[in-house]
Amino acid sequence: MEEGGESPRRTRALHRPSPSFRLRSPSLNTVRLRRVFDLFDHNGDGEITVDELALALDRLGLGADTDELASTVAAFIPPGRAGLAFDDFEALHRSLGDDLFGAADPGDEKAAAAAEEEEQDMREAFRVFDEDGDGFISAAELQVVLAKLGLPEARNIARVHEMICSVDQDRDGRVDFREFKHMMQGISVWSA
């Protein structure tokens, strides 16, 4: 334990970034990034502070050194602000993506290749929820992920069942990949 009674933060090196870090569908990327922003904005004030970002990374098992995180994020926080607004967060995400993967191609990709990449991104997102790898997201699995993210919905299994039922088209009490994909494609981006 360090002075003040706090345990030291664990850090994890980023060896191989996930291919879904930079999503190929701009509208889907914006929706997902907005969801991440809202999850990280713990107090709901429209800004993510370094402390909120560190807390979110810790909850996801990706502990980060607060000083290193602050130095990385500082360039994206405008003067007079305590944290990152959504546009600042989006710029940080884009910058990290460029650093890790190189700048995005300015030209349009072929439709088939883009669809395949989007499918891979969705499969990877689905696997985050499908913890036992059986091809379905159960209410228990959804509850675990919601709890890891610190969301209040995780405390109420009835609410978790409602969330499952809202996308469970075949009414089998769980969400398969087709239902998950349909839900993700149906998300519309509305202006913030």
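Each residue, glycine too, has its Cβ placed from N, Cα and C.
The region 'Disordered' annotation in TrEMBL covers 1-21.
The domain 'EF-hand' annotation in TrEMBL covers 28-63 (among others). When averaged over the domain 'EF-hand' (28-63), pLDDT in the model lands at 83.
Under DSSP, residues within the domain 'EF-hand' (117-152) fall into helix, strand and coil as 24 helix, 2 strand, 10 coil. Annotation comment: TrEMBL describes 117-152 (among others) as domain 'EF-hand'.
Annotation comment: TrEMBL describes 155-190 (among others) as domain 'EF-hand'. Long-range neighbours of the domain 'EF-hand' (155-190) within the same chain, counting only residues 6 or more positions beyond its ends whose Cβ lies under 8 Å from a Cβ of the stretch, are 27-28, 30-31, 34, 119, 122-123, 125-126, 129, 135-139, 142-143, 146-147.
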